[in-house]
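Let me begin by presenting the structure, written as structure tokens, before commenting on it.
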Amino acid sequence: MRSSGIMSANASPKFGPTENSWNSGGASLMVPNSSPKRASSNLSSHSLVGEEEEVLVFVEPPNKKLFCRICDQVFRDPVIVACGHTYCRPCVQNRVDGTCPVDDQKLVVMVANIAVSEQIGELMIHCKYGCSYDEASHTYIVDTTRCPVTVKLHTRKDHELDCDYMPVECPNNAGCPLLLKKDLEDHLRSCNNVNCPHQRYSCDFMGTQEELEDHLKVCKFESMKDFLQRTDERINDMQMHMNQKVQEIEFLRSMLGRLSERLENMEKSVDMKLGVVEHNQNKIMEEIIDNQRDISAMTEEIGQINNRINLGATAGAYDPISIFKCKGTFVGHLGPVWCLCASGDFLFSGSTDKTIKVWDTSSNYKCVKTMEGHSGIVLALCTWGNKLFSGSQDCNIIVWNMDTYESSHLIKAHDNPVCTLVAAKNMLFSGSLKVIRVYDVHTYELKQELTGLNHWVRALAATQDYLFSGSYQTVKVWDINSLTCLRDLETSGGSVYSIAITNHHIVCGTYENCIHVWELSSFKQLETLMGHSGTVYALAVLHTAYGTKVFSASYDRSLRVWSMDNMICTQTLVRHQGSVACLAVSRGRIFSGAVDSTVKVWQ
């Protein structure tokens with residue numbers, strides 16, 4: 001028996017039926033998505049229909065009323081349009097002129113045509129595993145040697161998911177040919193590709209079922225299977241326990257985010273209420289002044305009250321402890337922000353999206369330019385004069401003109417990613433794996449290589465006299481004029497990720513959450529600051545009227561403010577939704593970049 005069918009006009013004989021083709025005027029429709037996987041099978045590539053192929057071979061030709069007038073094929077997802085006609089939803093959406101071919105009205109989908117859908121669903125079709133591809137007619141036809149079942153179109157999956165003629169793979173080995181589901185059991189009894197049940201423990205046995213029984217008598221893993229099973233169960237229990245802990249951590253982070261949001265709302269509410277209080281206070285002052293003109297006998301008493309009110313109004317303006325608040329957010333990067341650099345009213349940020357964005361910080365925090373040039377993540381930024389230097393995972397340094405925001409030079413800097421940059425004394429210092437390279441900031445000529453470093457150089461800082469570099473549990477102090485190493489400052493807590501220099505201190509942040517502080521003049525270690533629960537990625541120094549403050553940014557999504565007068569944390573700032581990776585200081589403000597792809601400004 002062979003059902004008649006007409007192949008779609010754009011079908012190619014070379015590759016079989018076109019993907020997602022529906023035929024009109026015949027009994028067979030086909031929507032193949034992929035060819036059978038096993039060319040090595042003794043069955044031809046079209047003798048078996050793959051699981052993902054949608055083949056429609058109707059038992060009887062469909063009624064012409066069930067054909068779309070646009071594509072002249074059986075309706076696919078029929079919809080009623082505004083003019084009352086019914087078409088396929090894809091035909092309506094993809095029609096070029098967007099008008100009805102019958103009355104030239106604009107095609108606007110009103111509602112799905114459920115009645116037509118139900119009629120199409122009731123049509124009888126052959127199981128797709130009872131059909132094969134005919135090269136002569138380029139369509140699928142009924143194959144009497146295969147599945148004889150016919151089903152309604154809307155119930156086909158119930159049968160085809162369990163059809164005995166469905167092509168399946170041998171579970172033992174990818175080298176076995178494709179099989180019909182009904183033949184799988186017989187095949188497994190004679191399959192030569194049976195693996196040892198202990199294969200995941202590196203047993204490489206492969207053979208027949210009978211050979212497997214002999215193998216298990218001598219397999220070294222068989223004697224340990226009880227121990228291995230208990231070990232797997234313990235591993236699964238530990239994994240489950242770890243997943244529970246991860247869920248608990250995510251829940252706590254979510255709660256922390258909600259608390260931060262509530263705190264922010266409370267701050268806004270307090271600010272509004274303080275504004276109302278200030279307004280009312282001004283009104284009271286005006287009334288008191290008016291009353292002074294009329295009541296001369298109470299002038300002295302009112303004057304004393306007025307002085308107390310004035311003192312109360314101004315006392316709040318003096319706050320011996322600086323409280324920093326988030327004043328804005330820069331949004332625009334498509335990936336984590338790994339480095340920041342400020343110059344005047346402009347802030348530069350480098351990201352995983354391989355770009356550098358320029359932000360105007362004077363008023364509106366708008367992005368004024370996006371600079372592209374690197375082929376890898378932008379990891380480091382620094383400035384010298386009107387030049388911006390950017391280091392990247394692509395191992396290069398690009399020199400940018402800050403007046404035009406155009407690249408002017410490319411330095412092939414390292415054999416590994418450029419982790420950090422700093423400029424001082426007409427020299428550009430770049431840190432990478434176990435090396436610091438020194439370039440002339442004007443000619444970009446390589447002047448010297450500083451070696452003897454034990455790991456990645458992720459942090460550099462410079463003063464007029466010294467260059468400081470951080471690697472694994474070490475901060476090296478270099479003479480910036482002779483470029484010789486003067487001493488090593490030993491740290492704990494793994495690799496050094498950040499270094500900052502104040503007027504009196506050397507400060508470094510480490511992988512294991514701690515911040516070390518040394519005296520700059522004597523290199524004597526003074527303190528180890530604890531508080532973060534993650535790697536200290538960045539440090540920045542801000543000089544205020546109330547003393548020197550050091551800001552630290554961490555993997556734990558927070559910033560901390562440290563008073564260098566008494567070495568204590570005076571504030572914790574939690575507003576980012578990801579690890580805080582970098583900091584920059586400009587005009588009394590702190591800028592922080594994070595894995596959440598944003599930059600926030602604090603003041």
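The backbone N, Cα and C atoms fix where each Cβ goes, glycine too.
Keep in mind that what you see is a predicted model, and the values were worked out from it rather than measured.
Summarising the annotation, TrEMBL assigns compositional bias 'Polar residues' to 1-11 (among others).
Among the features that TrEMBL reports, compositional bias 'Polar residues' is placed at 18-42 (among others).
Per TrEMBL, the feature domain 'RING-type' maps to 68-104. Helix, strand and coil counts under DSSP for the domain 'RING-type' (68-104) come to 6 helix, 9 strand, 22 coil.
The feature region 'Disordered' is assigned by TrEMBL to 1-45.
Non-local neighbours of the repeat 'WD' (330-363) in the same chain are 369-372, 374-383, 388, 390, 392, 400, 402, 405, 578, 581-587, 589, 591-601; each lies 6+ residues outside the stretch with a CB under 8 Å from one of its CB atoms. Per TrEMBL, the feature repeat 'WD' maps to 330-363 (among others).
Under the heading repeat 'WD', TrEMBL lists 529-572 (among others). A Cβ distance under 8 Å defines the sequence-distant neighbours of the repeat 'WD' (529-572), meaning residues of its chain 6+ beyond its ends; these are 253, 320-324, 497-505, 507-517, 578-585, 588, 590, 592, 594, 602.
Away from its own ends, the repeat 'WD' (573-603) comes close to residues 256-257, 260, 264, 324-331, 333-345, 347, 349, 351, 359, 361, 365, 534, 537-542, 544, 551, 553-561 of its chain (Cβ-Cβ under 8 Å, at least six residues beyond either end). Under the heading repeat 'WD', TrEMBL lists 573-603 (among others).
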Restricting attention to the repeat 'WD' (573-603), give the mean pLDDT.
-> 93
Which residue counts does DSSP yield for the repeat 'WD' (529-572) in the helix, strand and coil classes, in that order?
-> 0 helix, 28 strand, 16 coil
In the repeat 'WD' (573-603), how many residues does DSSP assign to helix, to strand and to coil?
-> 0 helix, 19 strand, 12 coil
Going by DSSP, how much of the repeat 'WD' (330-363) is helix, how much is strand and how much is coil, in residues?
-> 0 helix, 21 strand, 13 coil
